[in-house]
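Q: Structure in structure tokens, see below.
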Amino acid sequence: MIRDIIIKLFTSYDLVAAFGIVALIMLISYGFASAIGQKRMGSAISIVVGLILAYIGGKYTGGKNGLADIEIFAGIGLLGGGMFRDFAIISTAYGAKIENLKKAGLPGVISLLVGVFFSLFAGAIIAFLLGYKDPVDIATIGGGAVTFIVGPVTGTALGASSDVIALSIATGVVKSVLTMIITPFIANRIKLNNPTSAMVYGGLIGTTSGVAGGLAATNPELVPYGAMTATFYTGLGSLLVPSIGFLIIRLIFG
Amino acid sequence: MEIYGLGLVAMCMFIGSFIGRIIGVLVGVSGDVGGVGFAMLLLILITNYLDKKGKPLSQGTGRGILLLSSLYIPIVVAMSANQDVVSAFQGGIVAFIAGGVATVGGIMLVPVISKIGSNKNE
């Protein structure tokens with residue numbers, strides 16, 4: 001009886017349940033992050049936990065929607081679906097100033113364009129070399145190498161399969177985590193010690209959590225400069241990758 | 001009011017997605033091409049235009065938008081929790097190499113492009 005009532009609660013209030021579950025995942029992940037002295041890795045760790053839970057859910061149900069295939073966690077599918085994801089991403093543009101884009105200046109703009117296309121084609125070439133032949137899959141994985149948002153946005157727009165979208169998210173997460181780890185160690189060698197190079201760095205790497213985490217571990221004073229250009233990166237990627245990027249990729253690999 | 005913020009983002013989303021879908025039809029791709037990017041651009045243009053006119057969004061409206069943007073990472077966590085990770089693992093090496101090359105290559109480009117900036121300033 002108790003079990004039935006609990007299941008009924010989770011299935012009736014599925015979206016509310018999803019908020020609670022995600023809050024719990026993030027509470028544990030951020031707790032773990034600060035316990036190992038890497039507070040800024042909290043978001044990256046939460047995402048990895050999400051992917052692990054999706055793996056467990058997929059193994060358990062044999063379905064394609066990870067945790068959301070388990071009846072009581074169905075709300076995760078709604079909260080993490082395309083509708084809420086796009087709604088939230090668009091809102092992050094709020095606060096970005098056109099003047100700030102101008103202030104970042106020529107190197108900022110160049111680094112944004114080079115950063116998006118370099119990551120896209122680096123990811124695309126690797127995907128092609130490792131056996132992906134469909135331009136939609138190649139563009140989606142390349143999008144993931146841009147950021148873990150651009151990958152699924154591209155994949156959803158172009159109609160890629162869920163496993164390729166998951167792969168593109170994993171690619172973006174690898175980039176984000178790796179950025180946080182590598183940056184402080186090679187900051188001196190790439191002369192990452194002034195606002196201009198921080199803006200260029202933000203524009204080239206673009207994954208907001210990776211850039212903020214990497215710069216914070218290098219020199220906290222540089223964080224706003226890197227974040228300034230990185231703010232535009234995911235938006236620019238979401239605009240360019242499924243459109244011009246895909247057309248170029250279809251031309252080369254199609 | 002907070003709901004105006006949510007409404008403004010909703011409007012941007014519908015207009016952006018409308019443009020994206022029209023482009024999708026024009027280039028022969030099913031679905032939405034760059035709609036999210038257009039919506040973000042629209043939101044930036046609208047808020048900057050209102051700021052310039054001296055009529056910025058009210059605090060409440062801003063809070064509505066900030067509520068949404070603060071849900072960005074949690075939504076990404078939920079998104080990652082409903083992906084087909086089991087299948088992705090079968091090609092998992094792609095994620096590590098593609099993500100790795102994009103990161104290391106991008107970082108190596110920092111001094112090259114910083115140089116363009118400093119030459120320009122001199």
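Heads up, the Cβ atoms here are built off N, Cα and C, so glycines get one too.
Please treat TrEMBL annotations as automatic predictions, because they have not gone through curation.
As annotated by TrEMBL, domain 'Malonate/sodium symporter MadM subunit N-terminal' applies to A:7-253. TrEMBL lists A:12-35, A:41-58, A:70-96, A:108-131, A:138-158, A:164-186, A:198-218, A:230-253 with the feature transmembrane segment.
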Q: Looking at A:12-35, A:164-186, A:230-253, which one has the highest count of Cβ pairs under 8 angstroms to the transmembrane segment (A:108-131)?
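A: Against the transmembrane segment (A:108-131), the leading stretch is A:230-253.
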Q: Compare A:70-96, A:138-158, A:164-186, A:198-218 by their Cβ pairs under 8 Å to the transmembrane segment (A:230-253) and return the stretch that comes out on top.
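A: Looking at each of A:70-96, A:138-158, A:164-186, A:198-218 in turn, the most contacts to the transmembrane segment (A:230-253) are made by A:138-158.
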Q: Take the transmembrane segment (A:164-186) and find every residue of the same chain, 6 or more past its ends, with a Cβ under 8 Å from one of its Cβ atoms.
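A: Contacts with the transmembrane segment (A:164-186): 38, 40-41, 44, 47-48, 51, 54, 119, 123, 132, 136-137, 140-141, 143-152, 154-156, 192, 201, 205, 207, 209-211, 213-215, 217-218.
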Q: Restricting to the domain 'Malonate/sodium symporter MadM subunit N-terminal' (A:7-253), report the mean pLDDT as a whole number.
A: 87
